[in-house]
Every structure is written in C-alpha cells, then in structure tokens.
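Features reported for this protein in TrEMBL:
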| type | residues | note |
| --- | --- | --- |
| TRANSMEM | 16-35 | transmembrane segment |
| DOMAIN | 20-169 | domain 'Sugar phosphate transporter' |
| TRANSMEM | 47-72 | transmembrane segment |
| TRANSMEM | 84-102 | transmembrane segment |
| TRANSMEM | 108-130 | transmembrane segment |
| TRANSMEM | 142-159 | transmembrane segment |
Amino acid sequence: MGKGGSLSHSVLRKILLSYTYVAIWIFLSFTVIVYNKYILDKKMYNWPFPISLTIIHMSFCASLAFLLINVFKFVEPVSMSSHLYLSSVVPIGALYSLSLWFSNSAYIYLSVSFIQMLKALMPVAVYSIGVLLKKEPFKPNTMLNMLSISLGVAIAAYGEARFDTWGVILQLGAVSFEATSCLLTGWKDFCIDHERSWGCQGLVVDCLLMVCDQGHRDAHQLVWVRAGLSGCCLL
C-alpha cells in the first residue's frame, strides 16, 4: 500500500507539473500575441514592420538556443551533414519564416480574436495539403470533420466587425505555410527537440527574411540585427 501510495503521489506530481507547464505556455503565448498586436496595430503603437519584428523574434530564439546547447549544456549539440541541412533545415526554415512574416503582418489588419479563429483552420490545411500531395489517405469522415471546422470559421468570419480581405489572405497564407512546414518535418523524419530546432532554423529564418527585406521600407532598422548575426556567424 505504501508503495502504491508513493507511486500515486509521483504520478500526481507529474500531472500537476505538466499542467503547470501548459498554463505557463498558454500565458506566455497569449502575452506574445497581444504584445505583437500592440506593436503592429496602426491604432496602438503603430510600428508596421512585421519583417523586422519577426527577425528580432527569431534572433532571440536562436540566441537562447545557442546558450542552452553550447554554453549551459542543457542538451547535446546535434550533428548533421551539409546535405541534411540543405534538404531539411533550409526548406522547413523558409516555410516557417514565411508563416511568421505573414502571421505578424495580419495583426496590422485583423483583431487578435479573429486571427485565432482563422488559426483553427490549421488541421484543415494540414490534412488537405497532405491529401493533395498524396501523403495522407483520403477519408470521407475526416474530410467531413474538416468541412465542419471550415464552416464554423466561415460563420465567424461573416460576423466579424473588423473584416479585412488582405488581412485574411495574409493569415490564410501563414496557416498554409505552417501546415506545409509541419508536413515536411514529418516526411523527412526531422525529429529533434525544440532547443535544437531553434538552433538549426533560427539563423536560416533570419537570413531568408533579410533577403525578403532587401529594398523594403524598414531595411534601415535592421542594421544592428545584421551586425549581430554576422558576429554569431563568425563564432
């Protein structure tokens, strides 16, 4: 009985710890979403430079991953060939960079609540793209569920007070790119933890966004970011 009691206590502790992590993740995710909206919205802080914001975001993630892997040694460094890097990390990073760029851009035109409703289309996008590319089997019951989700989002969009066509296009594009990135990750069996993922993809995403930003109106604001990343590359 004592052994069973200690086992139950251990399981309960793990459950409480897991729920605590989930609660912290939800809180931090919500805070980032609201803060992005505050920065990008024309009626609030009015800093409409989504590419710069995305680069700053990914630079921080890549730097934190570098510290966790190479300085504090929380996880072991991942070793991969140049072929694996070019065939897996680069395309996945490219899709993820486009997803972040489009998603941040949508905050300029749409409300936070409406964007979250559009993100509910993610399972629909993942399944539909998988079926189109013949990587997922077509199942009528599954497609019916996907259509019901789409109908719910369509009803919500119809009643949206701040509906903006361009903002919806941007957010749907972000959902499509993220869905394709998720599928590509599964197809290539590129299964690594989040720390290694940020360390591998962070610099790729930043560099690709900088290429997209060439000639953009906020290019002059990225000088310090480029200098910092150049220093990281030298290391």
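Don't overthink the numbers, they just go from 1 along the chain as shown.
Each Cβ is built from the backbone N, Cα and C atoms, and glycine gets one as well.
For the domain 'Sugar phosphate transporter' (20-169), the model's average pLDDT works out to 84. When DSSP labels each residue, the domain 'Sugar phosphate transporter' (20-169) comes out as 111 helix, 0 strand, 39 coil, counted as helix, strand and coil in that order.
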